[in-house]
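Per Swiss-Prot, the features are as follows:
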TOPO_DOM  1-33  topological domain 'Extracellular'
CARBOHYD  ASN8  N-linked glycosylation site
TRANSMEM  34-54  transmembrane segment
TOPO_DOM  55-61  topological domain 'Cytoplasmic'
TRANSMEM  62-82  transmembrane segment
TOPO_DOM  83-101  topological domain 'Extracellular'
DISULFID  CYS101-CYS183  disulfide bond
TRANSMEM  102-122  transmembrane segment
TOPO_DOM  123-143  topological domain 'Cytoplasmic'
TRANSMEM  144-164  transmembrane segment
TOPO_DOM  165-208  topological domain 'Extracellular'
TRANSMEM  209-229  transmembrane segment
TOPO_DOM  230-240  topological domain 'Cytoplasmic'
TRANSMEM  241-261  transmembrane segment
TOPO_DOM  262-272  topological domain 'Extracellular'
TRANSMEM  273-293  transmembrane segment
TOPO_DOM  294-315  topological domain 'Cytoplasmic'
Amino acid sequence: MEEAILLNQTSLVTYFRLRGLSVNHKARIAMFSMFLIFYVLTLIGNVLIVITIIYDHRLHTPMYFFLSNLSFIDVCHSTVTVPKMLRDVWSEEKLISFDACVTQMFFLHLFACTEIFLLTVMAYDRYVAICKPLQYMIVMNWKVCVLLAVALWTGGTIHSIALTSLTIKLPYCGPDEIDNFFCDVPQVIKLACIDTHVIEILIVSNSGLISVVCFVVLVVSYAVILVSLRQQISKGKRKALSTCAAHLTVVTLFLGHCIFIYSRPSTSLPEDKVVSVFFTAVTPLLNPIIYTLRNEEMKSALNKLVGRKERKEEK
């Protein structure tokens, strides 16, 4: 009997209302234009990185293999939330179906968790390349790289299935307003008709622990790298420092959000939306900028690719 009641309660809410970004009508045009530009540039920048890495054989190395994965993830991660947000800018009632909300949460956490694992793998790749250069091609051979890629995508999928499963099993029978511009687990579970304290602890121990542990591993990895480079100022070492600085910047931007949102109970703070905007719209745009501006090989390969296209057009 209790299960039947719970099923009926769960089926009462078929749509959620997204509160979105609270702005007046005059600001909507500016906000829409800004995020549309961000999204288009994110697509162009990251797709261009993937094409360049595929096209230029000099970039067929483990580091750029993982970088192409990062660019692909950034495109997908941004696409999960930004197009819906752009449509909702002009909608007075921002609705999302229960199924669409669950789907959005699944892919959001799939790409986010996969990126966390990927950034950790990239830190290990840089550690081996800089601290053990003679063993690099043995340790980071292509078989290992492919296995690592499969492992991090599998880990992201398992994590996302676990969180989504916890969310959809809860009964939703009344409140339907999500205080955000997309569906995310912390905001959705607050709408459940039962006490979610245990679920919140599980989320913190899952997402929060993954974020904190990976961040610590990353910081330790780069600390070891910096210690090994501190007394060497050759051109190759300066290049290595530049690459590590780019990686560390991306790590700080991305994991900072994850730790802020998922390492505490599901309480709304005024800063949550600002952090979420930065996480979903700004960080995927900054990644290609950071990697290309600080990477001479990428800039050279991009110039070569653009130059060849221009010559073809002239012919």
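Placed from the backbone N, Cα and C atoms, the Cβ positions cover glycine too.
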Around the Cβ of CYS101 (disulfide bond), other Cβ atoms within 10 Å, all chains included, total 23
Same-chain residues at least 6 beyond the ends of the topological domain 'Cytoplasmic' (123-143) with CB under 8 Å of its CB atoms are 62-63, 66, 217-218, 221-222, 224-225, 228-229, 240, 243-244, 247, 251
Same-chain residues at least 6 beyond the ends of the transmembrane segment (102-122) with a Cβ under 8 Å from one of its Cβ atoms are 63, 66-67, 69-70, 73-74, 76-77, 80-81, 84, 96, 148, 151-153, 155-157, 159-161, 163-164, 167-168, 182-185, 188, 207, 210-211, 214, 217-218, 247, 250-251, 254-255, 258
Residues in the topological domain 'Extracellular' (83-101) per DSSP class, helix first, strand next, coil last, are 10 helix, 3 strand, 6 coil
For the transmembrane segment (144-164), the distant same-chain contacts (Cβ-Cβ under 8 Å, at least six residues beyond its ends) come to 62, 65-66, 69, 102, 105-107, 109-115, 117-118, 121, 185, 203, 206-207, 210
If one takes Cβ-Cβ under 8 Å and requires six or more residues beyond its ends, the residues near the topological domain 'Extracellular' (165-208) are 6, 9-10, 12-13, 15-21, 80-81, 84-85, 88, 94, 96, 98, 100-102, 104-105, 108-109, 113, 159, 258-259, 261-266, 268, 272-273, 276-277, 280
Sequence-ordered list of residues in the chain of CYS183 (disulfide bond) that lie 6 or more positions away and have a Cβ within less than 8 Å of its Cβ, or none, is PHE16, LEU18, ILE96, ALA100, CYS101, VAL102, GLN104, MET105, LEU108
